[in-house]
Amino acid sequence: MFYSCAGSCAGLAARGSPAPPLPPLSPGEPGEEGSLEEQRAAPDGASPISSFFNGSGTKRLPQAIIIGVKKGGTRALLEFLRVHPDVRAVGAEPHFFDRNYERGLAWYRDLMPRTLEGQITMEKTPSYFVTKEAPARISSMSKGTKLIVVVRDPVTRAISDYTQTLSKKPDIPTFESLTFKNRTTGLIDTSWSAIQIGIYAKHLENWLLHFPIGQILFVSGERLISDPAGELGRVQDFLGLKRIITDKHFYFNKTKGFPCLKKAEGSSKPHCLGKTKGRTHPDIDQEVVQRLRDFYRPFNMKFYQMTGQDFGWD
């Protein structure tokens with residue numbers, strides 16, 4: 001019945017008892033992916049089929065978490081994954097393992113959507129990857145938790161991070177001035193979060209103290225744009241899911257410059273990420289860009305060695 005009622009479940013759900021109210025959203029820090037506006041606009045993770053069963057099922061702690069990175073493509077990955085009938089995910093970023101840990105696991109579990117047997121519960125909070133306490137806390141919840149990290153060229157990521165902040169605070173200093181502690185000597189300011197997040201090898205070392213490398217999947221933010229079905233195939237395999245999300249689910253939006261879903265989860269209409277995604281980056285001094293490439297290169301090489309993947313950022 002679970003699959004055979006696909007064509008009529010939406011109507012059945014509408015005639016049935018109303019779904020239980022969702023827990024209040026946890027506002028994101030200004031400038032982060034998953035702002036309160038985006039969270040409210042995001043679907044609640046329920047497809048027509050799963051909505052029909054919304055009164056049943058169980059709220060479970062997540063078996064898989066997208067832990068990073070900010071401005072890497074985590075929102076796109078989550079929205080793409082939610083097309084899969086066996087994935088249920090909370091739309092808002094819970095920020096449990098970095099900001100709300102004192103609220104306890106019962107509070108965290110209550111944020112999760114209800115799932116049926118065989119479905120996977122997921123969440124995404126990109127700041128976990130750079131939060132020192134997060135690996136031990138997640139391991140304490142479950143050593144078997146599967147972790148997904150979406151990474152992209154750290155220079156492009158830093159510029160994207162800056163662009164997002166600039167859209168909210170137009171009077172901030174220039175990217176170039178924030179990049180250096182001393183521009184004359186060329187000393188990069190690694191205390192600036194936009195720079196620090198991209199030192200992936202350093203952050204990964206912290207996670208490998210608590211999780212084996214095989215329990216972490218590294219998704220290329222670039223390939224998520226150029227070949228979304230290919231990257232989603234890898235993710236579905238990693239999660240032990242049947243490869244349901246394929247090329248037929250995507251079309252490339254030339255205006256936005258990234259792939260969109262032909263049909264959003266729970267809808268018959270095409271769906272692209274919101275206006276806060278795909279912003280035009282400001283022109284950055286090419287000398288500064290090159291300095292950053294030189295700075296990141298050794299960290300990138302180490303990251304390639306640690307993950308066994310060459311992301312081609314040079």
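Keep in mind that glycine also has a Cβ here, set from the backbone N, Cα and C atoms.
Among CYS9, CYS272, the one TrEMBL lists as the disulfide partner of CYS260 is CYS272. Taking each Cβ in turn and tallying the other Cβ atoms within 10 Å, the top scorer among the recorded positions LYS71, ARG75 is LYS71. In this structure the alpha carbons, written CA, of SER160 (3'-phosphoadenylyl sulfate binding site) and CYS272 (disulfide bond) are 18 Å apart.
Ranked by Cα separation from CYS272 (disulfide bond), the recorded positions LYS71, GLY73, ARG75, THR280 are led by ARG75. Sparsest Cβ environment among the binding-site residues SER160, THR280 (other Cβ atoms counted within 10 Å): THR280. By a simple count of nearby Cβ atoms, those within 10 Å, the most crowded of the recorded positions GLY73, CYS260, CYS272 is GLY73.
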